[in-house]
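The structure under discussion appears below in the form of structure tokens.
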Amino acid sequence: APVEIKFSHVVAENTPKGQMAIKFKELVDERLAGKVEVKVFPSSQLFGDNKVLEAMLLGDVQMAAPSLSKFQKYTKSLQVFDLPFLFKDMDAVERFQKGPEGQKLLGALQKKGLVGLGYLHNGMKQLSASAPLKVPADASGKKFRIMTSDVLQAQFEAVDAVPLKKPFSEVFTLLQTRAIDGQENTWSNIFSKKFFEVQPYITESNHGVLDYLIVTSAEFWMGLDDDLRTEISAALNDAIAYGNQIAAQKAESDKQAIIDSKRSEVVNLSDAERAQWVTAMKPVWKQFEDEIGADVISAAEASNQ
Amino acid sequence: MTIAALFLMLFGFIFMGMPIAIALGFSSVTTILLFSNDSLPSVALKLFEATSEHYTLLAIPFFILSSAFLSTGGVAKRLINFAIDSIGHVRGGLAMASVMACMLFAAVSGSSPATVAAIGTIVIAGMVRAGYPESFAAGVIANAGTLGILIPPSIVMLVYAAATEVSASRMFMAGFIPGLMMGGILMIAIYITARIKKLPAQPFPGFRQLAKSGSIAMGGLMLIVIVLGSIYGGIASPTEAAAVAAVYAYLVAVFGYRDIGPMKGILWRNQGESSGAAAIRNLFQMAIALPKSVTNPEVRKVVLDGSKVSLMLLFIIANAMLFAHVLTTERIPHTIAETIIQWGLPAWGFLIVVNILLLIAGNFMEPSAILLIMAPILFPIATQLGIDPIHLGIIMVVNMEIGMLTPPVGLNLFVTAGITGKNMVWVIKACLPWLSLLLFFLILITYIPQISLFLPELIDSMRGY
Amino acid sequence: MIRKVIDHFEESFLSLLMVSMTLLVFAEVVLRFGFNTGIHWAQEVTLLIAAWFVLYGASYGVKVGAHIGVDVFVKLLPSPIHRFLTLLAIVLALVYCGMFLYGSWIYLAKMKMIGIELEDLPIPKWIPMSILVIGFALLALRFLELGWKVLKGEVEGFHFVDEAAESMEIAEELKAAEAAEAAAKENNTKETK
Ligand code: NA
Ligand code: NA
């Protein structure tokens with residue numbers, strides 16, 4: 001019987017991640033027919049993001065693509081991606097991920113029985129809120145929804161904002177009714193989750209990156225024949241390249257769609273204003289330097305050139 | 001094959017008399033083991049996920065707790081007084097006031113049988129004294145009692161939201177107009193009957209009295225205001241609003257109405273006491289009563305009762321999530337949907353089938369269990385046919401209301417028989433004319449989606465989207 | 001005596017879980033709305049309490065007959081057949097518990113081996129998860145107890161909650177209150193006479 005790969009993710013099939021998973025399945029069908037079979041389960045059909053890694057360790061899921069922040073209990077080093085204003089743009093992120101330090105980070109989960117197979121882009125994060133955010137002082141005292149991540153918590157505390165953890169399912173209502181003032185997300189998430197309809201201002205801050213890590217379990221991965229592993233890897237890398245290309249286009253088109261909708265005003269930062277945000281948030285790097293590793297941070301910073 | 005195995009096991013186990021939660025879980029796990037290669041550890045993980053990853057579901061125990069505090073005879077009496085003072089003076093007013101009292105109590109308590117018991121015990125006797133035929137009185141109450149699950153906040157709606165992942169706050173809004181409408185239909189029918197049968201009106205007690213009974217009833221009714229106000233006023237999500245409601249219900253029951261708990265029997269103002277002295281005394285007594293609540297047997301009983309109902313529902317829901325998991329991974333709703341579309345069944349035809357299925361199911365099962373089994377199957381099919389999920393939800397809820405009035409399992413029938421001391425045949429006959437109104441209402445709800453969708457859509461458009 | 005202590009403990013623990021869940025969420029609203037702040041671990045802890053509440057509560061529900069089921073049909077059957085079906089259902093319920101016990105045990109062992117902590121608190125994840133094993137063990141115990149009662153002929157079927165009967169409690173309470181009131185009124189009129 002062919003090797004079965006259950007690929008479980010939490011988003012719809014028409015998203016970049018969903019498209020990437022489908023592409024991966026197609027490539028495997030084409031190149032490894034009869035040897036490997038990929039089954040894609042979208043929209044949390046199999047498991048949610050919080051449990052999928054555990055299911056993988058139990059051997060019931062072979063591949064998943066949670067966001068990088070989800071790994072903080074498995075390894076501290078991947079928190080580097082959450083640091084504010086570390087990467088200038090997606091090209092810098094790409095350079096870092098393809099570089100030696102980025103590739104080394106793929107192995108950071110080994111001790112916990114997981115293997116990183118590659119990074120998948122979503123995009124740069126923007127800040128949305130019920131009032132315009134021009135300078136850090138505008139965020140002071142405001143409540144922002146964050147996903148569970150120590151770095152993101154520190155990031156908002158650095159500008160005297162109040163980070164609140166709320167399940168994704170409740171965020172829309174809480175934003176709509178202004179029980180929470182704002183949130184951070186990529187253009188495509190702000191668009192697909194309709195946050196732009198309930199958040200009148202979006203600051204184009206590009207202050208951080210939201211990417212995914214494609215993971216598999218070490219037990220499954222090491223149990224494969226060497227040549228099979230190489231071929232699956234190759235198919236996956238091609239699928240990732242395809243997914244990244246869609247993600248980049250989608251970030252652009254979703255941003256434009258948000259602007260065109262006129263539901264939300266996009267706030268642009270002058271260089272001086274941006275510098276204020278950087279000054280306020282950059283101390284967070286120092287705070288997590290010991291956990292992440294100074295060399296990793298400096299390699300990431302170097303990727304901006 | 002998988003479909004057959006799953007459903008045969010499920011209904012086999014249920015009719016053997018196994019608890020529904022276990023029947024759902026066991027048939028699902030067995031199907032997983034027989035037809036897919038998921039392991040038992042991952043099934044355990046799935047169950048843990050079902051119990052520990054659904055924040056929205058927590059609104060259910062919180063609302064149950066709040067309704068446990070307010071489902072008392074004392075609250076019922078206050079609401080009845082208010083209702084009689086406001087519309088008792090119309091012809092047939094006592095019956096109309098009873099319907100209104102049912103709507104109010106049902107809205108606060110969320111439980112249909114409790115509404116019939118609490119309101120019915122007081123008003124049926126009163127209506128008979130005032131010259132109404134007993135069967136008329138019993139029929140009205142048994143029917144109006146079902147409105148509890150349609151008027152928000154509603155636990156059945158939360159269960160539907162949990163099963164389908166539609167927004168609970170939109171469901172609540174959607175239930176509002178249909179709930180008022182059904183109450184209105186009942187009242188119009190009463191008015192017509194009252195004219196024909198020349199039924200009496202009550203004397204109008206005057207605005208002073210109305211204001212007084214209104215403000216007393218407000219203590220309980222504020223719960224609805226708090227829940228809907230905090231959800232739509234930007235203070236809290238539905239789950240959080242439910243927690244606030246539970247705390248509020250405790251405060252009203254123990255410190256406000258003092259029907260139960262450590263302050264039972266203590267007057268707000270003793271005879272001849274100055275208002276200043278009363279305020280200081282009350283404050284002092286409340287400060288003592290707060291810690292005393294922890295050991296007070298009545299308060300503890302309310303919490304325990306609420307816990308029992310909650311754990312029963314949440315355990316069914318957790319197992320129903322395993323069931324839904326089997327349905328989706330085996331693509332069962334998808335298969336059924338394809339078959340239905342192949343038949344060329346239009347949306348209206350599908351809705352007839354849905355109504356018939358639900359009415360049959362309502363004859364022998366509890367509303368929440370029906371929703372948990374049926375919603376994951378019907379929801380994807382409805383979506384494919386272009387039926388709004390919120391609309392489908394309201395249709396299901398109205399069907400559940402009807403189920404409470406049909407034998408062999410019809411909770412409201414049992415309670416009505418209990419409080420009137422009549423046999424089931426008598427009760428069923430008494431309910432029949434009103435039941436046909438409810439069926440007519442179901443047709444309206446089914447084929448005029450705007451009744452359900454108007455308010456949620458209006459609120460969306462008011463906010464500018 | 002021991003039974004009473006166990007009863008008391010079970011009830012208190014369940015109520016404690018319910019109340020702490022409610023108060024945690026309530027506190028979050030008060031803090032956010034009134035004090036513009038939050039509790040960073042509240043969400044995770046609330047959800048874990050919920051898991052304990054359900055998985056622990058399931059066995060208590062069997063003990064006190066708080067679950068729901070359909071028994072209108074089995075009750076129509078002759079008593080021996082009803083009892084046989086109940087026993088069969090209990091055996092199947094025990095198989096259900098056994099499957100979950102086995103699955104939970106492996107799951108828990110794996111989590112302990114990997115050694116992951118909770119997201120927001122420095123506590124190993126397997127500790128709060130242990131309620132899976134505890135809950136299903138207790139559930140199995142309660143089913144065994146029920147099976148024994150059926151074997152001895154003390155009961156015929158599962159005891160399900162009867163919402164109609166429970167609602168009648170309010171009716172009885174009201175009737176009692178009314179009777180007391182009427183009696184008091186009568187006394188009053190007698191006295192004034
Ligand atoms: Na209600
Ligand atoms: Na029924």
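Each residue, glycine too, has its Cβ placed from N, Cα and C.
TrEMBL annotations: computationally assigned, not manually curated.
Lifted from TrEMBL, the feature list:
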DOMAIN    B:7-451  domain 'TRAP C4-dicarboxylate transport system permease DctM subunit'
TRANSMEM  B:7-35  transmembrane segment
TRANSMEM  B:88-108  transmembrane segment
TRANSMEM  B:114-132  transmembrane segment
TRANSMEM  B:144-163  transmembrane segment
TRANSMEM  B:175-194  transmembrane segment
TRANSMEM  B:215-235  transmembrane segment
TRANSMEM  B:241-260  transmembrane segment
TRANSMEM  B:309-328  transmembrane segment
TRANSMEM  B:340-362  transmembrane segment
TRANSMEM  B:369-387  transmembrane segment
TRANSMEM  B:393-414  transmembrane segment
TRANSMEM  B:426-448  transmembrane segment
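Long-range contacts of the transmembrane segment (B:144-163) within the same chain, counting only residues at least 6 positions beyond its ends with a Cβ under 8 Å from a Cβ of the stretch, are 54, 56-57, 59-60, 63-64, 67, 98-99, 102-103, 105-107, 109-116, 119-120, 171-173, 175-176, 178-180, 182-183, 186, 224, 227-228, 238, 242, 245, 313, 317, 320, 324, 367-368, 371-372, 375-376, 379, 393-394, 396-398, 400-402, 404-405, 412, 415, 438. Sequence-distant contacts of the transmembrane segment (B:340-362) (same chain, at least 6 residues past either end, Cβ-Cβ under 8 Å): 370, 373-374, 378, 381-382, 384-387, 392, 395-396, 399-400, 402-404, 406, 409, 442, 446-447. Counting Cβ pairs closer than 8 Å to the transmembrane segment (B:114-132), the top stretch among B:7-35, B:88-108, B:175-194, B:309-328, B:393-414 is B:88-108. Over the domain 'TRAP C4-dicarboxylate transport system permease DctM subunit' (B:7-451) the predicted model carries a mean pLDDT of 87. Within the chain, the transmembrane segment (B:215-235) has long-range Cβ neighbours (under 8 A, six or more residues past its boundaries) at 66, 70, 75, 78-79, 81-82, 104, 107-108, 152-153, 169, 172, 241-242, 244-245, 248-249, 252, 256-257, 459. For the transmembrane segment (B:175-194), the partner stretch with the highest count of Cβ pairs under 8 angstroms, out of B:7-35, B:309-328, B:393-414, is B:393-414. Counting residues 6+ beyond its ends, the transmembrane segment (B:309-328) has Cβ neighbours under 8 Å at 6, 10, 20-22, 24-25, 27-29, 31-32, 43, 46-47, 49-51, 57, 60-61, 64-65, 68, 155, 159, 162-163, 368-369, 372-373, 376-377 in the same chain. Counting residues 6+ beyond its ends, the transmembrane segment (B:393-414) has Cβ neighbours under 8 Å at 112-113, 116, 142-143, 145-147, 149-150, 154, 156-157, 160-161, 164, 166, 171, 174-175, 178, 351, 354-355, 358-359, 361-367, 370-371, 374-375, 378, 424, 427-428, 431, 434-435, 438-439, 441-442, 445-446, 452 in the same chain.
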